[in-house]
Structure formats: C-alpha cells, structure tokens
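Visitor: Before anything else, here's the structure in question.
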C-alpha cells in the first residue's frame with residue numbers, strides 16, 4: 001500500500017511538472033486550425049490543416065529518465081487524439097491508416113522512452129497528435145540519438161525542457177494518406193534555465209543533423225520561443 005501511495009505521488013508530481021516549462025512558446029500563424037492542449041505528460045500545438053503538431057513540449061526529469069530506462073511499456077496502440085474530435089477547424093485528425101504503405105514511420109515528437117515510467121503515460125505517447133511522418137533512416141538514426149541525448153541531459157542537470165517539431169522549407173508540401181503533411185526536417189530544443197544550458201538541433205529526412213541557434217529555429221518555423 002505504501003509503495004502504491006509513493007508511486008501515485010510520483011505520477012502527480014510529474015504531471016504538475018509539465019506546466020512549469022521554463023521555455024514559453026507562441027505558435028506561428030502560417031497555417032490554419034491550431035489547437036493547443038495538454039495530455040498531462042506533454043503539451044501539444046496541433047495544426048488541423050496539416051494533420052501533425054507544430055510542436056510538442058515537456059520537461060524530462062532525472063527520475064523520469066531513469067525510471068523509463070528501467071521499464072518496457074511500449075504499447076504501440078496508435079490512435080487518433082480524442083481531444084481533436086468534433087472540432088470543425090480540425091480538417092485533418094490524423095489516423096494510423098494515413099501512414100499505411102506511405103514509406104514513412106510514425107515518428108514520435110515526445111518519445112515513448114521519455115514517458116515509459118508507467119503504462120498509462122507510455123500509452124499517451126502513441127496518440128497520433130504526437131506522430132509525424134519520418135523516414136526510418138532519420139527516425140532510427142540521429143533523431144533517436146537526440147532522444148537518448150535528452151536522457152543524458154536530464155540525468156546531468158536534474159531536468160531538461162524539450163521541444164520538438166517539424167520544419168517545412170518547400171512551398172509545395174508533400175502529403176500522405178488523407179492530407180497529412182510530410183516535413184522536410186525536424187528541430188529539437190534542449191533547455192535548462194538553472195544552468196543556462198541551451199542547445200538546438202535540426203535533422204533532415206535524409207538524417208543530416210546540424211547544431212543551430214534558437215533564432216534559426218524561430219526563422220525556419222515562425223514559432224516564438226521565450227526563455
């Protein structure tokens with residue numbers, strides 16, 4: 001009983017943590033159908049006209065990183081986001097069938113291994129609002145390396161804010177399924193206020209990784225990030 005109580009307190013504290021991000025985000029105005037909401041373990045800005053999120057943001061703590069590495073709660077229960085249903089401005093509420101035979105992975109923005117400390121939290125990472133079309137080369141390559149790097153940073157600094165999302169550089173956006181947009185590349189931001197630590201990266205679909213400035217990501221995406 002005591003262990004169950006401690007586990008419950010652990011989960012509550014981590015849910016509260018999501019709402020104390022030290023990096024503030026204002027979505028771009030490039031598209032239509034924005035929907036900002038939270039799933040407790042990560043925050044989302046979904047774009048209904050693209051069928052993917054403009055960003056997913058959360059705090060990864062040292063405890064979460066360590067506990068997630070110990071567990072194997074990968075559920076693979078991909079499903080549409082229930083918070084996007086019956087909203088007229090959401091023209092594309094993506095489904096797993098949009099990715100079928102597309103040649104693209106259902107790539108996580110908040111990885112399962114960052115929220116693997118319990119089954120329910122791990123399951124929430126398989127909502128389609130957390131998925132983006134990614135080549136397997138990139139998804140299993142430098143994107144995975146950056147996900148692992150996030151764990152190193154969380155354990156080093158005690159916690160790390162992580163923001164991930166797509167980048168579109170071509171005017172003609174490629175789509176799969178019923179109109180789900182395929183990004184040209186992706187960004188990932190790591191931030192710890194207490195230690196004045198900030199690192200930003202981009203990874204192309206061809207798996208080319210680059211270290212960039214926060215200003216560069218702002219320019220590429222139109223998103224405003226305030227530290």
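Please read every residue number as a count from 1 along the shown chain.
Cβ coordinates are placed from backbone N, Cα and C, and glycine is handled just like the others.
Given the structure is predicted, the values throughout are model-derived calculations rather than measurements.
For reference, TrEMBL lists these features for the protein:
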SIGNAL    1-20  signal peptide
DOMAIN    38-227  domain 'DNA/RNA non-specific endonuclease/pyrophosphatase/phosphodiesterase'
DOMAIN    39-226  domain 'ENPP1-3/EXOG-like endonuclease/phosphodiesterase'
ACT_SITE  108  active site, proton acceptor
BINDING   139  Mg(2+) binding site
Visitor: Between residue 139 (Mg(2+) binding site) and the residue listed as 'active site, proton acceptor', what is the CA-CA distance rounded to a whole number of Å?
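Guide: Counting only the Cα atoms, the answer is 8 Å.
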Visitor: Would you mind listing, in sequence order, the residues at least six apart from residue 108 (active site, proton acceptor) in the same chain with a Cβ closer than 8 Å to its Cβ?
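Guide: Sequence-distant Cβ neighbours: 125, 130, 131.
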Visitor: Average pLDDT across the domain 'DNA/RNA non-specific endonuclease/pyrophosphatase/phosphodiesterase' (38-227)?
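Guide: Within the domain 'DNA/RNA non-specific endonuclease/pyrophosphatase/phosphodiesterase' (38-227), the model's average pLDDT equals 96.
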Visitor: So, three-state DSSP: helix, strand or coil for residue 108 (active site, proton acceptor)?
Guide: strand
